[in-house]
Amino acid sequence: MGSSCRIECIFFSEFHPTLGPKITYQVPEDFISRELFDTVQVYIITKPELQNKLITVTAMEKKLIGCPVCIEHKKYSRNALLFNLGFVCDAQAKTCALEPIVKKLAGYLTTLELESSFVSNEESKQKLVPIMTILLEELNASGRCTLPIDESNTIHLKVIEQRPDPPVAQEYDVPVFTKDKEDFFSSQWDLTTQQILPYIDGFRHVQKISAEADVELNLVRIAIQNLLYYGVVTLVSILQYSNVYCPTPKVQDLVDDKSLQEACLSYVTKQGHKRASLRDVFQLYCSLSPGTTVRDLIGRHPQQLQHVDERKLIQFGLMKNLIRRLQKYPVRVSREERSHPARLYTGCHSYDEICCKTGMSYHELDERLENDPNIIICWK
């Protein structure tokens with residue numbers, strides 16, 4: 001499990017009929033101080049309004065996650081059993097991935113109590129200590145855990161890491177597989193995704209995939225969005241030989257990182273050719289600059305490109321942020337014309353987007369804008 005949500009302590013707290021709220025067990029021992037527990041106990045053993053709800057509270061540089069349980073029955077002292085099995089993490093930890101685990105444990109313990117009085121029986125309750133120890137060790141080590149409770153009950157837990165929302169897939173974006181396409185089994189995806197997978201080649205943009213696969217554009221965008229979420233694809237811009245790129249500071253990683261070198265040279269070498277040299281590839285990346293198109297690069301460096309596929313070179317550079325694209329954004333300096341596509345000339349819409357929305361080619365758009373004295377081109 002990632003260090004960002006490492007569990008520092010697991011505790012079991014309950015309401016004692018004479019002592020009130022207390023920590024019965026904690027692993028490791030004495031991790032939660034008396035002062036800390038006194039500060040947060042109203043959120044550990046709670047009023048009825050907060051019972052059976054997930055609660056996260058931060059105090060004294062620690063974050064405590066719990067789900068207070070209340071089981072009402074006349075067999076219990078004060079007619080109710082109140083307990084909470086929770087986790088303690090660093091106050092800065094991202095604990096969203098742990099919350100379902102805490103909620104699930106509360107449900108399991110409730111079921112065990114209702115079936116066999118597991119929590120209220122002092123003898124069986126002592127089994128919680130080894131269970132909590134296994135929980136702490138295995139969840140921190142691998143993010144998953146199997147807990148044998150008794151002969152008929154086993155608990156299986158797994159931390160599901162929260163993924164950030166992926167970028168929105170626009171019609172002019174180009175999806176590229178992050179690993180070998182053959183590594184993915186199309187049968188595991190929905191029917192729309194299965195239909196578009198053969199058309200994802202790292203060069204077709206979303207709109208073109210939609211047209212060639214005969215799938216409605218919004219459905220393609222949703223499918224690509226799903227593939228982005230799971231890290232199956234990433235997005236790059238449309239590759240044309242008139243494009244302009246420049247290296248980023250990360251291009252230095254190509255010199256320092258051996259695994260990146262290996263991945264790069266394997267990716268950019270022409271099929272059936274002698275392996276490209278790092279020197280040639282690095283020189284090609286560093287030769288990209290404002291004002292230099294891909295076509296210019298090919299004309300100036302035929303020797304270095306002898307074993308290098310220039311399309312794969314650009315593709316890999318974009319995927320690994322070794323280079324970035326400088327795009328053209330038309331800006332209309334007069335406000336006279338608001339017709340389509342003039343309303344796209346605001347400096348906020350790139351050539352890629354305008355061409356996709358209007359159906360014009362780059363050459364047609366270039367000619368139209370070059371002959372318009374009210375248009376200036378912003379590169380960014």
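Placed from the backbone N, Cα and C atoms, the Cβ positions cover glycine too.
Swiss-Prot marks one residue of Arg78, Arg144, Arg204, Arg279 as asymmetric dimethylarginine, namely Arg78.
Ranking the recorded positions Arg78, Lys158, Lys357 by the distance of their Cα atoms from the Cα of Ser124 (site 'Arginine finger') places Arg78 first. When averaged over the region 'Interaction with PDPK1' (1-133), pLDDT in the model lands at 91.
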